[in-house]
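The domain 'F-BAR' annotation in TrEMBL covers 1-264. The annotation coiled coil is assigned in TrEMBL to 106-175. Residues or ranges marked as region 'Disordered' by TrEMBL: 331-359, 475-522. TrEMBL lists 331-340 with the feature compositional bias 'Low complexity'. Feature annotation from TrEMBL assigns domain 'REM-1' to 395-472. What TrEMBL records for 479-492 is compositional bias 'Basic and acidic residues'. Feature annotation from TrEMBL assigns compositional bias 'Polar residues' to 496-505. Per TrEMBL, domain 'SH3' is recorded for 539-600.
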Amino acid sequence: MDWGTDLWDQYDVIDKHTQSGLELVEKYVKFVKERTEIEQNYAKQLRNLTKKYHPKRGSREELECRFSNHQAFLDILNEMNDYAGQRELIAENMMMNICIELTKYLQELKMERKTHLSEAKKAQQSLESTYKQLDSSKKRFEREWREAEKSAQYAEKTDQDINATKADVEKAKQQAHMRAHIADECKNDYAAQLQKYNKEQSQFYFSDMPLIFNKLQDMDERRVKKLAQGYVLFSDTEKQVTPIIGKCLEGITKAGANVNERNDSIALIEQHKSGFERPGDLDFEDYSQGINRASSDSSLGTLSTPKGPLELLGKNKSKPFWLFAKKSKLSPSPSSLTPFSTPPAPSPANGPHSPKFGRDPLSYCLKEINKTVKPRISSFRTLRRTPTVSEDFGHLPPEQRRKRLQQKLDDIGKELQKEVDQSEALGKMKDVYEKNPQMGDPASLAPQITQTAQNMERLRGEFNKYELWLTEAGGRGDPLLRRDTSRDDTHRSHSFNNNGSTHESCSPDGAQSDEGTPDPSQAIYAEFDDEFEEEELVPPIGQCTAMYNFPGASEGTIAMQEGEVLSVVEEDKGDGWTRVRRANGDEGYIPTSYVSISLGK
(Lines of atoms letter the chains of each structure in order from A and count residues from 1; the text may use other names and numbers.)
(Lines give C-alpha, C1' and ligand atoms only; values in the text may rest on other atoms or scores of the structure.)
Protein backbone atom coordinates (compact mmCIF):
# COMPACT_ATOMS: atom_id res chain seq x y z
CA MET A 1 0.00 0.00 0.00
CA ASP A 2 1.26 3.41 -0.92
CA TRP A 3 0.02 6.93 -1.05
CA GLY A 4 0.11 7.16 -4.86
CA THR A 5 -2.36 4.29 -5.22
CA ASP A 6 -4.62 4.59 -2.22
CA LEU A 7 -4.48 8.35 -1.67
CA TRP A 8 -4.45 9.45 -5.30
CA ASP A 9 -7.26 11.94 -4.65
CA GLN A 10 -6.07 13.17 -1.17
CA TYR A 11 -3.57 15.78 -2.16
CA ASP A 12 -4.67 18.22 0.57
CA VAL A 13 -4.49 15.49 3.21
CA ILE A 14 -0.96 14.56 2.18
CA ASP A 15 0.03 18.22 2.15
CA LYS A 16 -1.23 18.80 5.70
CA HIS A 17 0.17 15.52 6.99
CA THR A 18 3.71 16.19 5.75
CA GLN A 19 3.55 19.73 7.11
CA SER A 20 2.41 18.40 10.50
CA GLY A 21 5.35 15.95 10.54
CA LEU A 22 7.84 18.74 10.00
CA GLU A 23 6.23 20.78 12.76
CA LEU A 24 6.59 17.79 15.09
CA VAL A 25 10.32 17.66 14.37
CA GLU A 26 10.60 21.37 15.14
CA LYS A 27 8.65 20.87 18.36
CA TYR A 28 10.92 18.01 19.46
CA VAL A 29 14.04 20.03 18.70
CA LYS A 30 12.68 22.87 20.81
CA PHE A 31 11.89 20.41 23.61
CA VAL A 32 15.43 19.02 23.60
CA LYS A 33 16.90 22.53 23.60
CA GLU A 34 14.93 23.42 26.70
CA ARG A 35 16.07 20.16 28.29
CA THR A 36 19.70 21.07 27.57
CA GLU A 37 19.15 24.50 29.16
CA ILE A 38 17.82 22.79 32.28
CA GLU A 39 20.84 20.48 32.37
CA GLN A 40 23.24 23.39 31.91
CA ASN A 41 21.57 25.44 34.64
CA TYR A 42 21.56 22.40 36.93
CA ALA A 43 25.25 21.81 36.29
CA LYS A 44 26.02 25.49 36.83
CA GLN A 45 24.15 25.52 40.14
CA LEU A 46 25.96 22.35 41.24
CA ARG A 47 29.33 23.90 40.40
CA ASN A 48 28.45 27.09 42.26
CA LEU A 49 27.31 24.99 45.21
CA THR A 50 30.56 23.02 45.37
CA LYS A 51 32.58 26.21 44.91
CA LYS A 52 30.67 27.85 47.76
CA TYR A 53 31.48 25.07 50.21
CA HIS A 54 34.96 24.27 48.89
CA PRO A 55 37.58 25.56 51.35
CA LYS A 56 39.63 28.50 50.17
CA ARG A 57 43.36 28.03 49.78
CA GLY A 58 45.16 28.61 53.04
CA SER A 59 41.95 28.81 55.06
CA ARG A 60 41.29 27.00 58.31
CA GLU A 61 38.98 24.55 56.54
CA GLU A 62 41.77 23.53 54.15
CA LEU A 63 44.14 22.92 57.05
CA GLU A 64 41.53 20.72 58.73
CA CYS A 65 41.39 18.42 55.70
CA ARG A 66 43.93 16.18 57.45
CA PHE A 67 40.95 14.79 59.40
CA SER A 68 39.07 12.03 57.60
CA ASN A 69 35.62 13.56 58.07
CA HIS A 70 36.79 16.90 56.60
CA GLN A 71 38.59 15.11 53.76
CA ALA A 72 35.48 13.03 53.08
CA PHE A 73 33.41 16.19 52.71
CA LEU A 74 36.05 17.59 50.34
CA ASP A 75 35.88 14.35 48.33
CA ILE A 76 32.10 14.69 48.16
CA LEU A 77 32.48 18.23 46.81
CA ASN A 78 34.93 16.98 44.16
CA GLU A 79 32.60 14.13 43.18
CA MET A 80 29.68 16.56 42.91
CA ASN A 81 31.81 18.78 40.71
CA ASP A 82 32.50 15.77 38.45
CA TYR A 83 28.79 14.97 38.58
CA ALA A 84 28.06 18.50 37.35
CA GLY A 85 30.51 17.92 34.51
CA GLN A 86 28.56 14.84 33.44
CA ARG A 87 25.33 16.87 33.40
CA GLU A 88 27.09 19.38 31.17
CA LEU A 89 28.21 16.51 28.93
CA ILE A 90 24.60 15.34 28.64
CA ALA A 91 23.52 18.81 27.57
CA GLU A 92 26.37 19.08 25.07
CA ASN A 93 25.70 15.66 23.49
CA MET A 94 21.97 16.33 23.24
CA MET A 95 22.63 19.65 21.56
CA MET A 96 25.13 18.18 19.09
CA ASN A 97 23.53 14.81 18.31
CA ILE A 98 19.85 15.72 18.48
CA CYS A 99 19.20 19.43 18.12
CA ILE A 100 21.83 20.29 15.52
CA GLU A 101 21.42 17.07 13.53
CA LEU A 102 17.63 17.21 13.48
CA THR A 103 17.64 20.91 12.64
CA LYS A 104 19.94 20.26 9.69
CA TYR A 105 17.86 17.28 8.57
CA LEU A 106 14.68 19.31 8.97
CA GLN A 107 15.96 21.93 6.53
CA GLU A 108 16.69 19.20 3.98
CA LEU A 109 13.19 17.77 4.42
CA LYS A 110 11.62 21.16 3.94
CA MET A 111 13.52 21.66 0.69
CA GLU A 112 12.62 18.16 -0.52
CA ARG A 113 8.94 18.61 0.37
CA LYS A 114 8.90 21.95 -1.36
CA THR A 115 10.39 20.38 -4.48
CA HIS A 116 7.82 17.56 -4.56
CA LEU A 117 4.90 19.90 -4.00
CA SER A 118 6.25 22.20 -6.71
CA GLU A 119 6.36 19.27 -9.15
CA ALA A 120 2.81 18.31 -8.23
CA LYS A 121 1.66 21.87 -8.73
CA LYS A 122 3.31 22.05 -12.14
CA ALA A 123 1.70 18.78 -13.23
CA GLN A 124 -1.67 19.99 -12.05
CA GLN A 125 -1.24 23.31 -13.83
CA SER A 126 -0.25 21.48 -17.03
CA LEU A 127 -3.35 19.28 -16.82
CA GLU A 128 -5.56 22.28 -16.15
CA SER A 129 -4.02 24.11 -19.11
CA THR A 130 -4.70 21.12 -21.40
CA TYR A 131 -8.25 20.95 -20.12
CA LYS A 132 -8.77 24.62 -20.90
CA GLN A 133 -7.53 24.05 -24.46
CA LEU A 134 -9.89 21.08 -24.75
CA ASP A 135 -12.81 23.11 -23.48
CA SER A 136 -11.97 25.97 -25.85
CA SER A 137 -11.79 23.67 -28.90
CA LYS A 138 -15.00 21.97 -27.81
CA LYS A 139 -16.84 25.28 -27.57
CA ARG A 140 -15.42 26.43 -30.92
CA PHE A 141 -16.49 23.17 -32.54
CA GLU A 142 -19.96 23.60 -31.04
CA ARG A 143 -20.18 27.19 -32.27
CA GLU A 144 -18.91 26.42 -35.77
CA TRP A 145 -21.23 23.42 -36.12
CA ARG A 146 -24.25 25.57 -35.33
CA GLU A 147 -23.10 28.18 -37.83
CA ALA A 148 -22.64 25.44 -40.44
CA GLU A 149 -26.16 24.16 -39.78
CA LYS A 150 -27.57 27.65 -40.12
CA SER A 151 -25.64 28.17 -43.38
CA ALA A 152 -26.92 24.83 -44.73
CA GLN A 153 -30.52 25.68 -43.84
CA TYR A 154 -30.18 29.13 -45.43
CA ALA A 155 -28.72 27.66 -48.63
CA GLU A 156 -31.58 25.15 -48.84
CA LYS A 157 -34.16 27.87 -48.23
CA THR A 158 -32.57 30.08 -50.87
CA ASP A 159 -32.55 27.19 -53.36
CA GLN A 160 -36.27 26.67 -52.87
CA ASP A 161 -37.09 30.34 -53.09
CA ILE A 162 -38.39 31.11 -56.61
CA ASN A 163 -37.56 34.73 -56.23
CA ALA A 164 -33.88 34.06 -55.49
CA THR A 165 -31.43 34.40 -58.27
CA LYS A 166 -28.97 31.74 -59.29
CA ALA A 167 -26.12 33.83 -57.95
CA ASP A 168 -27.78 34.07 -54.57
CA VAL A 169 -28.26 30.35 -54.49
CA GLU A 170 -24.64 29.69 -55.42
CA LYS A 171 -23.41 32.14 -52.82
CA ALA A 172 -25.53 30.53 -50.11
CA LYS A 173 -24.29 27.07 -51.04
CA GLN A 174 -20.65 28.21 -50.99
CA GLN A 175 -21.19 29.79 -47.60
CA ALA A 176 -22.79 26.62 -46.25
CA HIS A 177 -19.98 24.53 -47.70
CA MET A 178 -17.32 26.80 -46.11
CA ARG A 179 -19.06 26.66 -42.74
CA ALA A 180 -19.27 22.91 -42.90
CA HIS A 181 -15.56 22.72 -43.68
CA ILE A 182 -14.69 24.96 -40.73
CA ALA A 183 -16.94 22.86 -38.50
CA ASP A 184 -15.13 19.74 -39.60
CA GLU A 185 -11.77 21.34 -38.81
CA CYS A 186 -13.02 22.35 -35.35
CA LYS A 187 -14.31 18.84 -34.89
CA ASN A 188 -10.94 17.37 -35.72
CA ASP A 189 -9.20 19.89 -33.43
CA TYR A 190 -11.60 19.08 -30.61
CA ALA A 191 -10.95 15.37 -31.09
CA ALA A 192 -7.20 15.95 -31.02
CA GLN A 193 -7.43 18.10 -27.86
CA LEU A 194 -9.63 15.53 -26.22
CA GLN A 195 -7.16 12.80 -27.01
CA LYS A 196 -4.30 14.93 -25.70
CA TYR A 197 -6.17 15.77 -22.50
CA ASN A 198 -7.11 12.17 -21.84
CA LYS A 199 -3.54 11.15 -22.30
CA GLU A 200 -2.25 13.86 -19.95
CA GLN A 201 -4.98 13.12 -17.42
CA SER A 202 -4.04 9.48 -17.44
CA GLN A 203 -0.39 10.44 -17.09
CA PHE A 204 -1.27 12.81 -14.24
CA TYR A 205 -3.41 10.42 -12.21
CA PHE A 206 -1.65 7.17 -12.95
CA SER A 207 1.98 8.22 -13.22
CA ASP A 208 3.00 11.74 -12.24
CA MET A 209 0.97 12.30 -9.05
CA PRO A 210 1.41 8.75 -7.70
CA LEU A 211 5.16 9.15 -8.16
CA ILE A 212 5.13 12.48 -6.32
CA PHE A 213 2.91 11.08 -3.57
CA ASN A 214 5.21 8.08 -3.19
CA LYS A 215 8.21 10.40 -2.91
CA LEU A 216 6.39 12.36 -0.22
CA GLN A 217 5.58 9.10 1.51
CA ASP A 218 9.22 8.04 1.40
CA MET A 219 10.26 11.46 2.72
CA ASP A 220 7.76 11.26 5.56
CA GLU A 221 8.84 7.74 6.49
CA ARG A 222 12.46 8.85 6.55
CA ARG A 223 11.43 11.77 8.74
CA VAL A 224 9.63 9.42 11.13
CA LYS A 225 12.66 7.12 11.25
CA LYS A 226 15.05 10.00 11.93
CA LEU A 227 12.74 11.35 14.62
CA ALA A 228 12.59 7.92 16.22
CA GLN A 229 16.39 7.85 16.31
CA GLY A 230 16.24 11.24 18.02
CA TYR A 231 13.89 9.79 20.58
CA VAL A 232 16.33 6.95 21.26
CA LEU A 233 19.29 9.35 21.46
CA PHE A 234 17.44 11.31 24.11
CA SER A 235 17.72 8.27 26.36
CA ASP A 236 21.04 6.91 25.14
CA THR A 237 22.78 10.26 25.73
CA GLU A 238 22.06 10.01 29.42
CA LYS A 239 22.75 6.28 29.52
CA GLN A 240 26.27 6.88 28.20
CA VAL A 241 27.22 8.97 31.24
CA THR A 242 25.24 6.90 33.73
CA PRO A 243 28.26 4.66 34.54
CA ILE A 244 30.38 7.73 35.24
CA ILE A 245 27.62 9.26 37.34
CA GLY A 246 27.44 5.95 39.16
CA LYS A 247 31.17 6.17 39.85
CA CYS A 248 30.69 9.67 41.24
CA LEU A 249 27.97 8.39 43.55
CA GLU A 250 30.18 5.44 44.49
CA GLY A 251 32.94 7.91 45.26
CA ILE A 252 30.60 9.76 47.61
CA THR A 253 29.73 6.47 49.31
CA LYS A 254 33.41 5.58 49.53
CA ALA A 255 34.17 8.99 51.03
CA GLY A 256 31.63 8.33 53.76
CA ALA A 257 33.04 4.87 54.36
CA ASN A 258 36.60 6.22 54.65
CA VAL A 259 35.73 8.37 57.63
CA ASN A 260 37.53 7.01 60.67
CA GLU A 261 36.62 8.69 63.92
CA ARG A 262 39.53 7.11 65.81
CA ASN A 263 42.11 8.31 63.31
CA ASP A 264 40.63 11.81 63.47
CA SER A 265 41.01 11.83 67.23
CA ILE A 266 44.62 10.65 66.92
CA ALA A 267 45.31 13.29 64.25
CA LEU A 268 43.95 16.00 66.54
CA ILE A 269 46.19 14.75 69.34
CA GLU A 270 49.24 14.71 67.06
CA GLN A 271 48.47 18.17 65.77
CA HIS A 272 47.87 19.91 69.08
CA LYS A 273 49.76 17.88 71.69
CA SER A 274 51.90 20.38 73.58
CA GLY A 275 54.08 18.07 75.68
CA PHE A 276 53.72 20.21 78.81
CA GLU A 277 53.38 18.53 82.15
CA ARG A 278 50.17 18.91 84.07
CA PRO A 279 50.32 21.48 86.91
CA GLY A 280 50.91 20.23 90.42
CA ASP A 281 48.84 20.88 93.50
CA LEU A 282 48.63 24.42 94.82
CA ASP A 283 49.84 25.20 98.31
CA PHE A 284 47.34 26.27 100.95
CA GLU A 285 47.75 29.84 102.09
CA ASP A 286 46.14 30.89 105.33
CA TYR A 287 44.41 34.22 104.78
CA SER A 288 43.23 34.29 108.35
CA GLN A 289 46.65 35.79 109.15
CA GLY A 290 45.93 38.70 106.82
CA ILE A 291 46.37 39.43 103.13
CA ASN A 292 49.89 39.99 101.97
CA ARG A 293 49.32 42.33 99.02
CA ALA A 294 53.03 42.69 98.44
CA SER A 295 53.63 39.03 97.73
CA SER A 296 53.09 38.67 93.99
CA ASP A 297 53.69 34.94 93.88
CA SER A 298 51.38 34.02 96.76
CA SER A 299 48.63 36.33 95.53
CA LEU A 300 48.81 34.99 92.04
CA GLY A 301 48.91 31.41 93.24
CA THR A 302 45.93 31.92 95.49
CA LEU A 303 43.90 33.91 93.02
CA SER A 304 44.07 31.13 90.47
CA THR A 305 42.39 28.71 92.83
CA PRO A 306 38.74 29.71 92.15
CA LYS A 307 39.25 29.30 88.42
CA GLY A 308 39.65 25.54 88.62
CA PRO A 309 41.07 23.19 86.00
CA LEU A 310 38.85 24.51 83.19
CA GLU A 311 41.17 27.51 82.88
CA LEU A 312 43.79 25.08 81.53
CA LEU A 313 41.64 24.41 78.46
CA GLY A 314 41.90 27.90 77.00
CA LYS A 315 42.62 28.63 73.37
CA ASN A 316 46.24 29.61 73.95
CA LYS A 317 47.84 26.16 73.82
CA SER A 318 51.29 27.33 72.84
CA LYS A 319 51.88 29.31 76.04
CA PRO A 320 52.38 28.29 79.67
CA PHE A 321 49.48 28.17 82.03
CA TRP A 322 48.54 31.68 83.14
CA LEU A 323 46.34 32.53 86.04
CA PHE A 324 44.11 35.05 84.30
CA ALA A 325 42.70 33.69 81.07
CA LYS A 326 40.38 35.13 78.50
CA LYS A 327 37.27 34.40 80.48
CA SER A 328 38.29 36.55 83.42
CA LYS A 329 39.06 39.55 81.27
CA LEU A 330 35.96 39.38 79.10
CA SER A 331 33.57 38.64 81.93
CA PRO A 332 34.68 40.68 84.93
CA SER A 333 32.87 40.22 88.17
CA PRO A 334 29.86 42.48 88.47
CA SER A 335 29.91 45.37 90.92
CA SER A 336 33.70 45.61 90.75
CA LEU A 337 33.21 49.04 89.12
CA THR A 338 30.44 51.35 90.17
CA PRO A 339 28.41 52.65 87.18
CA PHE A 340 27.84 56.34 86.87
CA SER A 341 24.23 57.32 87.36
CA THR A 342 24.72 61.07 87.04
CA PRO A 343 27.20 63.19 85.13
CA PRO A 344 29.41 64.56 87.92
CA ALA A 345 33.07 65.14 87.42
CA PRO A 346 34.58 61.85 86.27
CA SER A 347 35.53 59.70 89.20
CA PRO A 348 38.48 57.31 89.10
CA ALA A 349 38.24 54.82 86.25
CA ASN A 350 37.93 51.85 88.56
CA GLY A 351 35.08 53.25 90.62
CA PRO A 352 34.51 52.83 94.36
CA HIS A 353 34.74 49.49 96.09
CA SER A 354 31.64 47.43 96.59
CA PRO A 355 30.80 47.17 100.29
CA LYS A 356 29.94 43.50 100.15
CA PHE A 357 33.58 42.55 99.62
CA GLY A 358 34.58 43.87 103.01
CA ARG A 359 33.60 40.63 104.63
CA ASP A 360 35.43 38.29 102.28
CA PRO A 361 39.14 39.07 101.90
CA LEU A 362 39.62 36.56 99.06
CA SER A 363 36.82 38.03 96.96
CA TYR A 364 38.03 41.50 97.82
CA CYS A 365 41.50 40.64 96.55
CA LEU A 366 40.08 39.15 93.34
CA LYS A 367 38.08 42.28 92.64
CA GLU A 368 40.99 44.55 93.39
CA ILE A 369 43.21 42.83 90.82
CA ASN A 370 40.32 42.56 88.35
CA LYS A 371 39.76 46.30 88.59
CA THR A 372 43.42 46.91 87.99
CA VAL A 373 43.55 44.63 84.95
CA LYS A 374 40.37 45.34 83.07
CA PRO A 375 40.90 48.93 81.87
CA ARG A 376 44.30 47.88 80.48
CA ILE A 377 43.04 45.20 78.15
CA SER A 378 42.29 47.14 75.01
CA SER A 379 45.40 49.24 75.27
CA PHE A 380 47.50 46.15 74.59
CA ARG A 381 45.27 45.24 71.70
CA THR A 382 46.21 48.41 69.89
CA LEU A 383 49.86 47.35 69.81
CA ARG A 384 49.09 44.84 67.02
CA ARG A 385 52.32 42.94 67.55
CA THR A 386 52.95 39.61 65.88
CA PRO A 387 54.14 36.72 68.04
CA THR A 388 57.90 36.30 68.18
CA VAL A 389 58.87 33.32 66.03
CA SER A 390 62.30 31.93 66.82
CA GLU A 391 64.43 29.94 64.41
CA ASP A 392 64.61 26.98 66.79
CA PHE A 393 60.78 26.97 67.13
CA GLY A 394 61.20 27.68 70.84
CA HIS A 395 57.88 29.56 70.77
CA LEU A 396 56.06 26.25 70.23
CA PRO A 397 55.13 23.67 72.85
CA PRO A 398 57.63 20.83 73.27
CA GLU A 399 55.75 18.23 71.24
CA GLN A 400 54.99 20.60 68.38
CA ARG A 401 58.55 21.91 68.49
CA ARG A 402 59.98 18.41 68.07
CA LYS A 403 57.70 17.79 65.09
CA ARG A 404 58.67 21.04 63.40
CA LEU A 405 62.36 20.45 64.02
CA GLN A 406 62.11 16.91 62.65
CA GLN A 407 60.26 18.22 59.59
CA LYS A 408 62.93 20.88 59.09
CA LEU A 409 65.64 18.22 59.35
CA ASP A 410 63.86 16.09 56.75
CA ASP A 411 63.63 19.05 54.38
CA ILE A 412 67.28 19.97 54.86
CA GLY A 413 68.23 16.31 54.37
CA LYS A 414 66.40 16.22 51.04
CA GLU A 415 68.07 19.42 49.87
CA LEU A 416 71.45 18.15 51.01
CA GLN A 417 70.95 14.88 49.12
CA LYS A 418 70.13 16.85 45.98
CA GLU A 419 73.31 18.88 46.35
CA VAL A 420 75.33 15.70 46.94
CA ASP A 421 73.86 14.11 43.82
CA GLN A 422 74.59 17.25 41.83
CA SER A 423 78.17 17.30 43.17
CA GLU A 424 78.71 13.70 42.12
CA ALA A 425 77.28 14.43 38.68
CA LEU A 426 79.52 17.46 38.28
CA GLY A 427 82.52 15.35 39.37
CA LYS A 428 81.75 12.69 36.79
CA MET A 429 81.23 15.33 34.11
CA LYS A 430 84.58 16.91 35.01
CA ASP A 431 86.32 13.54 34.67
CA VAL A 432 84.72 13.05 31.26
CA TYR A 433 85.84 16.53 30.14
CA GLU A 434 89.38 15.85 31.35
CA LYS A 435 89.54 12.57 29.48
CA ASN A 436 87.81 13.97 26.38
CA PRO A 437 88.65 17.70 26.03
CA GLN A 438 86.67 17.91 22.81
CA MET A 439 83.46 17.41 24.78
CA GLY A 440 83.99 20.47 27.01
CA ASP A 441 86.28 22.54 29.17
CA PRO A 442 86.66 21.16 32.74
CA ALA A 443 87.36 24.68 34.01
CA SER A 444 83.85 25.78 33.01
CA LEU A 445 82.48 23.51 35.73
CA ALA A 446 84.52 25.11 38.50
CA PRO A 447 81.94 27.79 39.47
CA GLN A 448 79.17 25.21 39.71
CA ILE A 449 81.33 22.83 41.73
CA THR A 450 82.30 25.64 44.11
CA GLN A 451 78.71 26.80 44.51
CA THR A 452 77.56 23.23 45.14
CA ALA A 453 80.25 22.73 47.77
CA GLN A 454 79.22 25.95 49.49
CA ASN A 455 75.61 24.87 49.46
CA MET A 456 76.51 21.50 50.91
CA GLU A 457 78.57 23.13 53.66
CA ARG A 458 75.74 25.52 54.48
CA LEU A 459 73.14 22.73 54.55
CA ARG A 460 75.37 20.54 56.74
CA GLY A 461 75.74 23.42 59.18
CA GLU A 462 72.00 23.94 59.28
CA PHE A 463 71.46 20.21 59.64
CA ASN A 464 73.81 20.02 62.63
CA LYS A 465 72.22 23.10 64.17
CA TYR A 466 68.68 21.73 63.91
CA GLU A 467 69.85 18.30 65.00
CA LEU A 468 71.30 19.87 68.17
CA TRP A 469 68.06 21.71 68.80
CA LEU A 470 66.12 18.49 68.28
CA THR A 471 68.35 16.73 70.80
CA GLU A 472 67.68 19.50 73.29
CA ALA A 473 63.96 19.38 72.57
CA GLY A 474 63.94 15.61 73.01
CA GLY A 475 65.18 16.08 76.61
CA ARG A 476 62.05 17.98 77.50
CA GLY A 477 60.10 14.80 77.90
CA ASP A 478 61.63 14.45 81.41
CA PRO A 479 59.96 16.93 83.80
CA LEU A 480 63.15 17.19 85.94
CA LEU A 481 65.26 17.95 82.90
CA ARG A 482 62.72 20.50 81.75
CA ARG A 483 62.92 22.30 85.09
CA ASP A 484 66.72 22.28 84.84
CA THR A 485 66.58 23.86 81.40
CA SER A 486 63.76 26.26 82.14
CA ARG A 487 66.28 29.10 82.16
CA ASP A 488 67.31 28.45 78.57
CA ASP A 489 65.82 30.37 75.70
CA THR A 490 64.11 27.21 74.41
CA HIS A 491 61.60 27.35 77.27
CA ARG A 492 61.18 31.03 77.85
CA SER A 493 58.23 33.09 76.67
CA HIS A 494 58.69 36.80 76.20
CA SER A 495 56.26 39.56 77.07
CA PHE A 496 56.43 43.23 76.25
CA ASN A 497 55.43 46.13 78.44
CA ASN A 498 54.10 49.36 77.07
CA ASN A 499 57.58 50.68 76.40
CA GLY A 500 58.55 47.60 74.37
CA SER A 501 61.01 46.23 76.96
CA THR A 502 61.37 42.45 77.29
CA HIS A 503 60.70 40.53 80.51
CA GLU A 504 61.25 36.86 81.22
CA SER A 505 58.02 35.21 82.37
CA CYS A 506 57.15 32.02 84.17
CA SER A 507 58.07 28.63 82.83
CA PRO A 508 55.26 26.10 82.21
CA ASP A 509 55.56 24.58 85.64
CA GLY A 510 55.20 27.94 87.34
CA ALA A 511 58.94 28.46 88.21
CA GLN A 512 60.40 31.95 87.86
CA SER A 513 63.56 32.68 85.87
CA ASP A 514 66.76 33.86 87.55
CA GLU A 515 66.72 37.33 86.03
CA GLY A 516 64.87 38.93 88.90
CA THR A 517 61.29 38.68 90.00
CA PRO A 518 59.13 40.41 87.40
CA ASP A 519 56.01 42.34 88.18
CA PRO A 520 53.15 39.81 88.13
CA SER A 521 50.85 42.34 86.50
CA GLN A 522 53.25 42.43 83.55
CA ALA A 523 52.83 38.69 83.05
CA ILE A 524 49.09 39.10 83.35
CA TYR A 525 49.01 41.90 80.82
CA ALA A 526 51.31 40.00 78.50
CA GLU A 527 48.93 37.06 78.59
CA PHE A 528 46.02 39.34 77.88
CA ASP A 529 47.93 40.92 75.04
CA ASP A 530 48.94 37.58 73.50
CA GLU A 531 45.39 36.33 73.57
CA PHE A 532 44.07 39.49 71.97
CA GLU A 533 46.65 39.20 69.21
CA GLU A 534 45.17 35.89 68.19
CA GLU A 535 41.65 37.29 67.98
CA GLU A 536 40.12 38.85 64.93
CA LEU A 537 38.62 42.33 65.07
CA VAL A 538 35.36 42.06 67.00
CA PRO A 539 32.45 43.47 64.96
CA PRO A 540 30.51 46.28 66.68
CA ILE A 541 27.19 45.39 68.27
CA GLY A 542 25.76 48.90 68.20
CA GLN A 543 26.51 52.61 68.51
CA CYS A 544 26.59 55.15 71.29
CA THR A 545 26.58 58.93 71.52
CA ALA A 546 28.56 60.74 74.22
CA MET A 547 26.39 62.92 76.46
CA TYR A 548 29.32 64.30 78.44
CA ASN A 549 33.05 64.78 78.06
CA PHE A 550 35.28 62.05 79.45
CA PRO A 551 39.07 62.59 79.73
CA GLY A 552 40.06 58.89 79.67
CA ALA A 553 43.00 59.47 81.98
CA SER A 554 43.28 55.86 83.20
CA GLU A 555 45.10 53.30 81.10
CA GLY A 556 42.68 51.19 79.11
CA THR A 557 40.07 53.94 78.92
CA ILE A 558 39.47 56.18 75.93
CA ALA A 559 38.68 59.89 75.88
CA MET A 560 35.53 61.19 74.26
CA GLN A 561 33.87 64.51 73.58
CA GLU A 562 30.22 65.40 74.03
CA GLY A 563 28.23 64.45 70.92
CA GLU A 564 30.88 62.06 69.59
CA VAL A 565 29.52 58.84 68.04
CA LEU A 566 31.39 55.62 68.86
CA SER A 567 30.89 51.94 67.98
CA VAL A 568 30.00 49.63 70.86
CA VAL A 569 32.26 46.55 70.92
CA GLU A 570 31.29 45.09 74.28
CA GLU A 571 28.25 46.09 76.29
CA ASP A 572 28.22 46.76 80.01
CA LYS A 573 28.57 43.56 82.04
CA GLY A 574 27.19 45.20 85.16
CA ASP A 575 30.40 46.96 86.18
CA GLY A 576 29.50 50.37 84.76
CA TRP A 577 31.97 50.25 81.84
CA THR A 578 31.36 49.80 78.11
CA ARG A 579 34.06 49.05 75.55
CA VAL A 580 33.89 51.19 72.40
CA ARG A 581 35.87 51.73 69.22
CA ARG A 582 36.57 54.82 67.16
CA ALA A 583 36.54 54.88 63.36
CA ASN A 584 40.37 54.83 63.34
CA GLY A 585 40.42 51.54 65.28
CA ASP A 586 41.27 52.87 68.76
CA GLU A 587 39.43 50.99 71.50
CA GLY A 588 38.92 51.57 75.19
CA TYR A 589 36.43 51.65 78.05
CA ILE A 590 34.09 54.53 78.88
CA PRO A 591 31.51 55.01 81.67
CA THR A 592 28.19 53.56 80.58
CA SER A 593 26.24 56.40 82.17
CA TYR A 594 28.11 58.96 80.06
CA VAL A 595 26.67 57.74 76.77
CA SER A 596 23.37 56.96 75.08
CA ILE A 597 23.61 53.42 73.68
CA SER A 598 21.67 51.96 70.75
CA LEU A 599 22.31 48.25 70.19
CA GLY A 600 21.51 46.15 67.14
CA LYS A 601 22.12 48.87 64.56
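From the backbone N, Cα and C atoms, a Cβ is placed for every residue, glycine too.
Averaged over the domain 'SH3' (539-600), the predicted model has a pLDDT of 86. Within the domain 'SH3' (539-600), the DSSP-based counts of helix, strand and coil residues read 3 helix, 29 strand, 30 coil. When DSSP labels each residue, the domain 'REM-1' (395-472) comes out as 72 helix, 0 strand, 6 coil, counted as helix, strand and coil in that order.
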